[in-house]
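Going by TrEMBL, these are the annotated features:
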BINDING   A:GLY103, A:VAL104, A:VAL105, A:GLY106, A:ASP107, A:THR127, A:THR128, A:LYS139, A:LYS148, A:THR166, A:LEU167, A:TYR168, A:THR169  NAD(+) binding site
BINDING   A:GLU181, A:HIS243, A:HIS260  Zn(2+) binding site
DOMAIN    A:65-176  domain '3-dehydroquinate synthase N-terminal'
DOMAIN    A:178-319  domain '3-dehydroquinate synthase C-terminal'
There are 2 protein chains.
Amino acid sequence: MDSITIHTSTNQYQVHIGQKIRHKVPVFLSKHYPSILIITDSVVADLYLEDVKRSFSSEQQIFTAIVPAGEASKNKDCFFDLITKCIDSSLDRHSLIIALGGGVVGDLAGFVAASYMRGIDYVQIPTTLLAHDSSVGGKVAINHPQGKNLIGSFYPPQAVVYDVETLYTLPEQEIRSGYAEIIKHGLISDEVYFEDIIQNGSINKLSNSILMDHLLKGIAVKAEIVEKDEKESGQRQYLNLGHTLGHAIEAELGYGAITHGEAVAIGLLFAMKVSETVYSEDFPYQRLKNWMKKNNYPLTVTGLDEQALIGRMKKDKKSKNQKVQMVLLKSIGKPCVHEVDDRLLMELLHKFLRELVNH
Amino acid sequence: MDSITIHTSTNQYQVHIGQKIRHKVPVFLSKHYPSILIITDSVVADLYLEDVKRSFSSEQQIFTAIVPAGEASKNKDCFFDLITKCIDSSLDRHSLIIALGGGVVGDLAGFVAASYMRGIDYVQIPTTLLAHDSSVGGKVAINHPQGKNLIGSFYPPQAVVYDVETLYTLPEQEIRSGYAEIIKHGLISDEVYFEDIIQNGSINKLSNSILMDHLLKGIAVKAEIVEKDEKESGQRQYLNLGHTLGHAIEAELGYGAITHGEAVAIGLLFAMKVSETVYSEDFPYQRLKNWMKKNNYPLTVTGLDEQALIGRMKKDKKSKNQKVQMVLLKSIGKPCVHEVDDRLLMELLHKFLRELVNH
């Protein structure tokens, strides 16, 4: 088992990564909680809910709430129903919420924990690759019909308990989704790490040790950045590489049409294209695209309206005075935030989307 | 003009108190905000919205949102509509929200600011006496049908701009409501301050200087406590004196039937009664009650179900393992938190409510 400590402005917490650790959750908690609400989704519940429940002692009251699997659950009604569940379960400020699942459950349950009684403790037990990213850093949120994560908070968990065994039951789409963020962590941090990922070929055939290595490096990249900039005023924005267009695509297609990571993958390719133009630098665009194709990323998404996408990009949380601020790369490992002129953005986006479909 | 500085764990801000300062809001802001959304209610809008709007320069984009006056606006739909208003106004993380109004507007607009894009700046411009309390300390929230302020956050404002001139247009009920919190600040801090308030008689006939003095002292009491305990784990709970029953009464009668402060006033009397029993101490119960009667506090509220009230009290944020934790007084100026046994609570509440109606 490995552990990484994350320091925040208000506390510190540990990310534990290991095999079968979902069976011993209390070991990783610094307090005894009389009441615990486990929030999970309909898919994960069948696989791991009993394991996590059984890890607690019989004198602890364990409540469960199961939301439908998928991004659509990050909505206001689901959020409000979960608050009602907290009240009905008589949770108080000494209770714990456990987010058992992927990024959707983590974001949703985390925002419930952040808002219920102005904040109670919560623990993340991620069960997807993608959640190696979202479970670290304390960003929690729900979606608004007009944009992703527009309603939320910075609210760090008490601990992250990451049982890699749960990753082997993931469908291929989820692995793709998670690897987009791993690729992103490579792109913003280190060319060697990035090359190591894309040279490994098919993500479905990775050995346990290579997967653990990619994950640990990804978490370390994320941890280093969020420690330096918890509230996203500077460096933390780099973690949004690929997300400005990615979020816009997700919203335009309707949440759930493709996964978050699949949308981010397209966003990463676009960020490379824009970076090439802005900084006159060469990037391994075609090699990355080939890797994505080999791993069946849905790159030829049709029916996207360019104006509508740009409108969405302007509603991004990084935007300033209604100008799109994109994270770009000066080179691999050297991210920066750049204000992209509307006209240039339109031109590059038009060309990019056409090329995606055609090649 | 007077200013009090409040230090929080993450920043510090100033509470400015003076005459006519609503006309010069930008003076109190440390940044220039290109976009500003003023959230206010239907009553305050007619009185002061134009003054505040006009205090900004013409190159700043000013948006306004007007919610119905009254506690009922602290609901989830109103909250989500305001988030939508933020999106429609293209507010970003460099924008400002202004909460112009009483505690309802402050709590609601504050939670919108806390949650929109995971938090943007906001400023409180309180226009009620009660808001001398709620605008200091960073507690923001909306209500759940099952309880007050159950969904919220600790999120300090950038500044509080308190124009006492706005207090002279308050209806009598609002003045009563605010004075309940002033009485509370007296009870938890200092017998001299408390006596000074109740010996001054009718709160409608106070001079400007006495009112300013009471307000400044109240804010200073609140500021001292919230600085020591921002997140309400210890001392800050003392500020809930009178609120455990007060909130329960508000919820049972339906929000808005009587004002928050009027409900707290009844709660203060009850807290004194319980304190008398638990600590075998004498308190000026009858004198406080007489002062309240003279000032037309609605003390003879009928139709309250004792079991239902206790059920509500158990859902209070201070409650622990489903036991009611009440703030009591060992003596005036010496508050403490005490777990009150269900049976004793029932007995005292039954007797208290009967006496309230009969005397």
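Just so you know, glycine gets a Cβ as well, placed from its N, Cα and C.
What TrEMBL says about a protein is an automatic prediction, not a curated fact.
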Measuring Cα to Cα, tell me the gap between A:LEU167 (NAD(+) binding site) and A:HIS260 (Zn(2+) binding site) in whole angstrom.
17
In the same chain, outside A:GLU181, A:HIS243, A:HIS260, whose C-beta lies within 8 angstroms of the Cβ mean position for the Zn(2+) site?
A:LEU130, A:ASP133, A:SER177, A:ALA180, A:LYS184, A:GLY242, A:GLY246, A:GLY261, A:ALA263, A:VAL264, A:GLY267
The domain '3-dehydroquinate synthase N-terminal' (A:65-176): DSSP-derived helix, strand, coil residue counts:
44 helix, 35 strand, 33 coil
Between A:THR128, A:THR169, which of the binding-site residues has the fewest other CB atoms within 10 angstroms in the structure shown?
A:THR169
Within the domain '3-dehydroquinate synthase C-terminal' (A:178-319), how many residues are helix, strand or coil going by DSSP?
101 helix, 0 strand, 41 coil
Give the number of CB atoms, excluding that of A:LYS148 (NAD(+) binding site) itself, located within 10 Å of its CB.
25
What are the non-local neighbours of A:ASP107 (NAD(+) binding site), defined as same-chain residues 6+ apart in sequence with CB under 8 A from its CB?
A:LYS74, A:SER134, A:LYS139, A:VAL140, A:ALA141, A:ILE142, A:ASN149, A:GLY152
Within a 10 Å radius of its Cβ, which of these binding-site residues (A:VAL105, A:LEU167) has the fewest neighbouring Cβ atoms?
A:LEU167
Express the distance between the Cα positions of A:GLY103 (NAD(+) binding site) and A:HIS260 (Zn(2+) binding site) as a whole number of Å.
9
Pop the mean pLDDT for the domain '3-dehydroquinate synthase C-terminal' (A:178-319) in here, whole number is fine.
90
Cβ-Cβ neighbours of A:GLY103 (NAD(+) binding site) (radius 10 Å):
27
Enumerate same-chain residues with a sequence separation of six or more from A:HIS260 (Zn(2+) binding site) and a Cβ-Cβ distance below 8 A; give 'none' if the list is empty.
A:GLU71, A:GLY103, A:LEU130, A:SER177, A:GLY246, A:GLU250
